[in-house]
Amino acid sequence: MNDRLPHEKGFHVSWDQLHRDARALAWRLQGRGPEDGNWRAVVAITRGGMAPAMIVSRELDIRTVDTISVKSYHSGGGKEDMRREAQVIKSPDAEMMGDGEGILIVDDLVDTGKTLELVRKLYPKAHFACVYAKPEGEKQTDTFITGVSQDTWIFFPWDMALQYVEPYRGRD
Ligand SMILES: O=P(O)(O)OC[C@H]1O[C@H](OP(=O)(O)OP(=O)(O)O)[C@H](O)[C@@H]1O
Ligand SMILES: Nc1nc2[nH]cnc2c(=O)[nH]1
Ligand SMILES: [Mg+2]
């Protein structure tokens, strides 16, 4: 949702950039799992974590991939005390997950950290990996690739389209 304004800056991520950054994440995670360096499974936090999780699981040759779906919503009365809450609406396989040991949980980004905070409570021993991280939520991740300032909104390739842009001299 783009309603957590103000976001003074925009960081526009192309497919190519996302692919490079998700590969960098895989590189960083390689050999760091608890069982001889291996991870048991990759779990994507849907929906944004799915593309990065696909790339990470491909690079690390992990065939067991599951998802957890977290829905965020606003609660509270007036605009001032609006709080962002998160709720799990689809869980991964409970037997496979256990307490999260050996599981790599992947998301595209961490912002306030609410999403990861919730998932971490459920799987405290899992490893939490994000491609992008803002300062407020950074402590919720174990590994991330690129830090982005809190007042920046990250635009992902699945939310964008190529479009015509007026030449500089054509604008008023
Ligand atoms: O750190 P937080 O403040 O919790 O924000 C981070 C979460 O917000 C976005 O997902 P969103 O809930 O918008 O859903 P989506 O992945 O389906 O787009 C993003 O993909 C992260 O999962
Ligand atoms: N696309 C996108 N989703 C978010 N959810 C929380 N923060 C962000 C952000 O910066 N970009
Ligand atoms: Mg998400």
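Keep in mind that glycine also has a Cβ here, set from the backbone N, Cα and C atoms.
Caution: TrEMBL annotation is automatic and unverified by curators.
Listed in TrEMBL:
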DOMAIN    14-164  domain 'Phosphoribosyltransferase'
BINDING   R47, G48, R84, D107, D108, L109, V110, D111, T112, G113, K114, T115  5-phospho-alpha-D-ribose 1-diphosphate binding site
BINDING   R84, D111, T112, G113, K114, T115, W153, I154  GMP binding site
BINDING   D108  Mg(2+) binding site
BINDING   D111, I154  guanine binding site
BINDING   D111, I154  xanthine binding site
Local Cβ density at I154 (GMP binding site) - other Cβ atoms counted within 10 Å: 20
Rounded distance in angstrom between the Cα atoms of D108 (5-phospho-alpha-D-ribose 1-diphosphate binding site) and T115 (GMP binding site): 11
Among R47, R84, K114, the one of these binding-site residues whose Cβ has the fewest neighbouring Cβ atoms within 10 Å: R47
Annotated binding-site residues R84, K114, T115, W153, I154, filtered by Cβ under 6 Å to ligand 2: W153, I154
Rounded to the nearest Å - Cα separation of T115 (GMP binding site) and R47 (5-phospho-alpha-D-ribose 1-diphosphate binding site): 12
Between D111 (GMP binding site) and R84 (5-phospho-alpha-D-ribose 1-diphosphate binding site), the C-alpha gap once rounded to whole angstrom: 11
